[in-house]
Amino acid sequence: MNWTLTNSSLDKDSITSNGNRFLIGNGYLGIRGTLEEYRKEYFPAINLAGIYDQVGEGWREPLNAPNALYTRIEVDEVEYQLPKIEPRYHELSLDYRHGILDRQTVWASNKGTIIVKSSRFASMKEKHLVVLNYSITADYDCEIIVYTGIDGSVWDIHGPHYDKVEFQKQLLRHNETEILNEKYLLESESKWNGHRLSIAAQTHENKDIVYVTEDIICNKEAKIELIESDKECLRKLTFHGKAKEEINFTKYITVFTSKDCVDYKEQSIKIVNHAKDTGYERLQEEHKNVWEQLWNISEVTIEGDDEANDALNYSLYHLHCIAPRHSKSLSIAARGLSGQTYKGAVFWDTEMFMLDFFLYTQPEVAKTLLRYRIDTLEGAKKKAKLYGYEGAFYAWESQEGGYDACSDYNVTDVFTKRPMRTYFKDKQVHISSAIVYGIRSYLNYTNDFSILAEGGAETILECAKFYYSLLEKKIGKEYYEIHDVIGPDEYHERVNNNAYTNRMAKLTFETAIDILDHEKNKDEEFYIKLLKQYEIKDLLDKLKDACNKLYIPKPKDNSDLIEQFDGFFELEDVSLEEVRSRLLHEKEYWGGAYGVASHTQVIKQADVVTMLVLFKEEYQREVLQQNLNYYEPRTEHGSSLSACMYSLLYCMCDQPQYAYPFFMKSALADWNGKGKEWAGLVYIGGTHPAAAGGAYMTAIKGFGGFQIENGVIKATPRLPKHWVRLKYRVLYQGAIYEIDASKEQVSISKIEM
């Protein structure tokens, strides 16, 4: 395995796609894999985790920092930029074992050849640090001009987000620092040590500051001029290049926000200076060492299938890039740190699709993700109250403080160009159960019950109260129902008794009962605290009653099929191809009140199948199989979340040959850059961390058959026919275990740390 992804395409679509595919990041920030000379029309972005802004009536979205990677060149008064001037050769190369992006471009001029090389990484050791090494070589004598500095004209979807931009320049000479207040021209004879550039960009909404500092070290003296406008501050470096002489410089960049610390300016400069003293090679070595530590536990080896092996580990690379290791309470957005799609909001994706990877390899990160939900409980309670419910109704698109960024109008009609009313925010009530499922999974795997006293217990109980307040009972009926919801499918809105939603509500009731019982027996002091906060006896009686009487759709008479929601089987039963043929526009939204799928049995993504994966022990094998056979041909898989659930259920039915294509669809979601990029006229492109997490779940839990049974690791592999071996490690309750599975045998061994 060479751990390298390469690409040479330069068409507009490839440039956008490569921004996602060649992303580097360290959890604090993500840097799209665009070239140094690209301006905002090519979607460059240094996307920041957990900080947002709203401009006017536009959608609230995460911030992209001013671009301090910006660099362009002129050779003998000719600008050499991609894609403006076609190169003789060009390649992007991502070392996804170590998060290093390399670029090589070769141009032919009328005098000879010009070669540009660059290498960048977002330091995994120092979260605020980004390093770029850049070189230019011509095979003839020429004048080379490099423009490099900070581009403050940032790509935004609903921006611009900075209402005030202030540049600061410092001239460094013989350990002296002089603040420059105007454009400055220096000759190389002035014994120049460099200019350090900074930008302070202030947001509209909260007046937060994003502070970016950069400095360079160059291997050759130059004539230097500072060029400043409202949106950029650049050095103009003029070199007298000799034939085959490499001009090389390293940029040391720091990114801070005013949310990080009070003295962000001082810290920014301090880290840049330390980085310069440390040097490029040493910084890269330290960065690579952190990556090696991560891969020591998380690498998965698939023998007999190089494509699957590469794609899966590349998927895990993307999860590592966006893991908030720097925080005690932060989650992961649906598109990671690849941009502002979906408003940089946190969805159910994190708990249901990504959590297992972190739980099995970095439990402390899993706890960080869950703490985010605990810390946004008040926002969930406010939302529930707003809609007239009790307890905690979590945000469908969660931002700071649990604020729900989801709009009432998420889709634009392609024909009228008018916004369409959608009900994701109002009716996808299954979101709260995802948080409970995540906490329950964490408790079961880690046996770390401290999270309950840190707010986890209250979170579970408030979610249980929320679902109890949703229950309805028809006159003359003994069971409860849940009406007017949207299940995972999403194309069918405002339905009654969605099977997944109802079963997850029951899981929430069960979990609340379980944790109250646990705390009563294990932590009397904390239980007494809960007694003071809640009417525990009354609450327990209600939850037990709800558990016993909540209607969960069961297989129909004379059939093993479970109806997705009331009346689903009465909808038009038509093929996926027929529904697709009814589209009048390629970007037309399939769901909602008038979508082509809305009145048919065609669904967007796994719904009943997701329920069966989570609660497989409650159903006979034939029920699992028949529902797979029925729902899969009717599923569009319009979401990257869908394929892994079908893959998992096929594995549970001992059909790895059918699971494999769905596994590969998840694993290749970002590798090949062919993910869905539009919902109506709304751009939804970016990386797909839920698909990455889904690929991991399928490999480990599906093909690998990994599970914890009574505190003991078990593995019952169901490998695809062409797989020779599946090997992986997990961190379980403080110890590393290696599971090595072939078709003949399985070994589980404890690894000394």
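Glycine too: its Cβ is placed from the backbone N, Cα and C atoms.
Within 10 Å of the C-beta atom of Trp348 (substrate binding site) sit 23 other C-beta atoms, taking all shown protein chains into account. According to its DSSP assignment, Trp348 (substrate binding site) is coil. Here Swiss-Prot flags Trp348, Asp349, Lys604, Gln605 as substrate binding site, drawing on similarity to another entry.
What Swiss-Prot lists as active site, proton donor is Glu490, and the listing cites similarity to another entry. Reduced to three states, the DSSP call for Glu490 (active site, proton donor) is coil.
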Taking residues Trp348, Asp349, Lys604, Gln605, which bind substrate in the record, the widest Cα spacing (Å, whole number): 16
Non-site residues, in chain order, whose CB comes within 8 A of the mean position of the CB atoms of Trp348, Asp349, Lys604, Gln605 at substrate: Phe347, Pro488, Glu490, Ser639, Leu641, Ser642, Ala690
Recorded positions listed as Asp349, Glu490, least Cβ neighbours within 10 Å: Glu490
Between Gln605 (substrate binding site) and Glu490 (active site, proton donor), the C-alpha gap once rounded to whole angstrom: 8
Between Glu490 (active site, proton donor) and Asp349 (substrate binding site): CA-CA distance (Å): 14
Integer Å distance between the CA atoms belonging to Glu490 (active site, proton donor) and Trp348 (substrate binding site): 13
Cβ contacts of Lys604 (substrate binding site) (under 8 Å, same chain, 6 or more positions away): Asp489, Glu490, Tyr491, Trp590, Gly591, Ala597, Thr635, Glu636, His637, Gly638, Ser639, Ser642
